[in-house]
Amino acid sequence: MADPSQASFWAQANALLRKNLTYQRRHIWTNIRLVLVPLLLCLFLLGIQLLLDVVVNKAADLTKCGSQDDFSIGDCPIPNPPLLPPLLQIPEPESRAVSGGFFSYNDLPDKSCRKTGTCPVTILLTGNNHSLGQALSGNMFGGSFAVNSSDLLSSLAYNVLGSTLALGTNNYADPGIESDFPIYSIQSQCSPNSTWPLSFGKIHTAVTCLQGLSLWRNNSVEVNDELFKGNWKGNPERMTNEIAAAYDLLNTDRNNFDVTIWYNSTNIDDPSRAPLVRVPRLLNLVSNAYLKFLKGPGTRILFEFVKEVPKHQTKFNLDIASMLGPLFFTWVVLLLFPVILTSLVYEKQERLRIIMKMHGLGIGPYWMISYAYFLTLSMFYVISLVIFGSAIGLRYFRLNDYSVQFIFYFIFVNLQISFAFLASSIFSKVKTATVVAYTLVFASGLLGMFLFGELLESPTFPEKGILALELYPGFSLFRGLYEFAQYASRGNGMKWKDLKESGMDKLFYLMSVEWFVILIVAYSIDLLSSSGRSPFVFFKKSSSLPSPSVQRQNSENVLIDMEKTDVTQEREKVEKLRKEGTTGHAIVCDNLKKVYPGSDGNPPKLAVRGLYLDVPSGECFGMLGPNGAGKTSFINMMTGLLKPTSGTALVQGLDICKDMNKVYTSMGVCPQHDLLWGTLTGREHLLFYGRLKNIKGSALMQAVEESLKSVSLFDGGVADKPAGKYSGGMKRRLSVAISLIGNPKVVYMDEPSTGLDPASRKDLWTVIQRAKQNTAIILTTHSMEEAEFLCDRLGIFVDGGLQCVGNPKELKGRYGGSYVFTMTTSVEHEEKVERMVKHISPNSKRVYHLAGTQKFEIPKQEVMIADVFFMVEKVKSKFTVFAWGLADTTLEDVFFKVATTAQAFNSLS
């Protein structure tokens, strides 16, 4: 096998990219189905649109066309639109300008007129010539109302008529004439009960006199101030004081007519419908006043009527995509969020991210490749949505500028991906992440439609509040889709010039800034998590670990005093190596300690108590210990998952606290549970991890082939079968092969032969024995047979401390200086058996007895094996012996003895 070296950023990225491409190729139909989701949803919308068109066309009653109601039927042809008298737009009676409060002008009427509904309508004038303004002011309104029924439109043109009702989107009908609301005749003075009947074709209504005031202001600043304060948003009392119109005569004189008109356009309820505004009559009014000033009262321009252009018969067109687009397409685009989030959480839940990190994959290449994949998938998805929607003729997509749509979707999908990376730091289970993600998707659409959409249309909700709500990506998406729908319904769609008017420019800026901020925060949190620190470390109260109690300090002093000779020698060897250098020593642990902070009133947990350990290259060191002894914490520190509380360890001379990324290049890990991709083959797994070890070209192929052969996964096409179809034993062998690919200098194996049959276990042990020739291996196991077969030295861990170190024979000789004698008889003969054992070995100790079966430890120096056989024959002559046995001390006995002794001592201390 080729020796590994540190893979560069691009080598790691290349390895992950190749693995991901292979993985996605195996899931090609899943990806195709995902990209086709927009097509299916667009077809669904098209089906609803076609069905709705059929229903509406059947329901449309075109038989009334040509009747008296034909102008109110939008589908009817109108070859001869009606002639309508032009009206002024005047404020409602309760909103007309009055004096008092925030208005400092005394020429306005008293606010008591609002109680009787008699407040006049006010028009403001300003300019550079006050006397001219006063003259024009007197010429604005007539003094009486008179009509000639034989020439109604011409006679009405001599009067100044107005209405409080706004126009619609066309001039086929005027609500001010056809409704039950009064038409006003604006005059300089009104007599009491001045009302006149008026018949306009088949419409019968009444005209009511309304006083008109023309008031002078010194300059346009005063006019602007008065108009602004007259709007309810412009004054602290939230009161409406509406001026009908205002004129700035500028430099107007007898030789020059130059005027600017202020008019009210804030009564537009639905901007998408683009209603007409009654401006022409305002212009005619001031023009006639100027002509009277120049030529006398008999001179005027008669503005007799307004008339819409003729139209053909049209069909009622209800654009369902524009109506439901914001809700529907919010759901469609947000469906990517659960896909991205669950993919990220899955790698965390299955610990695939961790195992890749342990084999040398840095956080930078992982983020770059993963982000690029999600971005590519997202852009394919939204581009498919736009293409499919345009292809089937949805105006929602066809009318809005494609470049505007592209930029909007590009910014949003980047924001969504960043948000998914951030959210993935919260979840550890795919099911939880899936439920929360889909809940957010549907809640975002519904809240966007029925809450956020209402706030967008509300004139009272502040813009800052809208921007604050748009900080949530779901609402920012809804806002953009809402604006697309509004502009598409107008018939012209959104262009780049419309960004400022619609507020999309601010939305683009907000999403872009939020994208980068969330991306940086998510990356920082992931960086902290990968270093073994809590991602929420900044939100925790800063505090140092509490110092141990006096009792705990005394206990540790006693432990040092009671330290076994072999453990002391190991510590002294490490201290000497640190002084002289560690050349040739693969692993050197120097006072490595891990303390978990206490919580809920509990004291800190000392998981690893100042470990000293030297493992040279070519040695397999076995770690034995009961559950909770600290083995996992030790391995996690050595593999970079946890930061040591104090002390350190050197791996090939590299400090795990400072150079962990370099350590990964020479490290292999075989975890307790197989961390594999079910759809990747054994060969593809090894190719990926080989590339992470910076093995290239033919050397990579050779290393993969040798690894597969060494664990019996090469022949019979097994190497090219998906790992998901492997048996448990085959997966275990593949995990061992992964840990050994690239000839790493240090390998950590956690119960490598778990789940294997005896034959496979022996083969695997042979592989590990061959691998350790140039490698330092630390192996944890509960199998004493495995430890005795593989390990050159063993260490027994109890309560975070190393209790003994040595090769298996030394430990059995040191802690097992006795034979184990077992005999099974009837219960009534138990005492006789015990007396006979005591007879040949006074210092023997019974360690077990149950239902006639007894086990004794007999010191070797007190008895010969022949004495035991002689005693058994003597016993058999006196009563029945069902079974008996004599055995030397096993490694399991040593482990049990050391562990129970240490635990008993620690509990007493």
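Cβ coordinates are placed from backbone N, Cα and C, and glycine is handled just like the others.
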Candidate annotated in Swiss-Prot as phosphoserine, out of SER179, SER555, SER760, SER783: SER555
Stretch contact, the transmembrane segment (374-394) with the transmembrane segment (433-453), Cβ-Cβ under 8 Å, 3+ pairs: no
Recorded stretch, among 35-55, 320-340, 406-426, 465-485, 507-527, maximising Cβ pairs under 8 Å relative to the transmembrane segment (433-453): 320-340
DSSP three-state assignment (helix, strand or coil) for ALA629 (ATP binding site): coil
Same-chain residues at least 6 apart in sequence whose Cβ lies under 8 Å from THR632 (ATP binding site): none
Winner by Cβ pairs under 8 Å against the transmembrane segment (406-426), considering only 35-55, 465-485, 507-527: 507-527
Which of PRO626, GLY630, the listed binding-site residues, has fewest other Cβ atoms within 10 Å: PRO626
Other C-beta atoms that fall within 10 angstroms of the C-beta of GLY628 (ATP binding site): 14
Chain residues outside the transmembrane segment (465-485) and at least six past its termini with a C-beta under 8 angstroms from it: 321-323, 325-326, 329-330, 333-334, 396, 400, 405, 408, 412, 415-416, 419, 440-441, 443-445, 447-449, 452-453, 455-456, 493-494, 502-504, 506-507, 510-511, 514
Fewest other Cβ within 10 angstroms of its own Cβ, chosen from the binding-site residues ASN627, ALA629, LYS631: ASN627
Listed in sequence order, residues with CB under 8 A of GLY625 (ATP binding site) and six or more positions away: LYS631, ILE796, PHE797, VAL798, ALA899
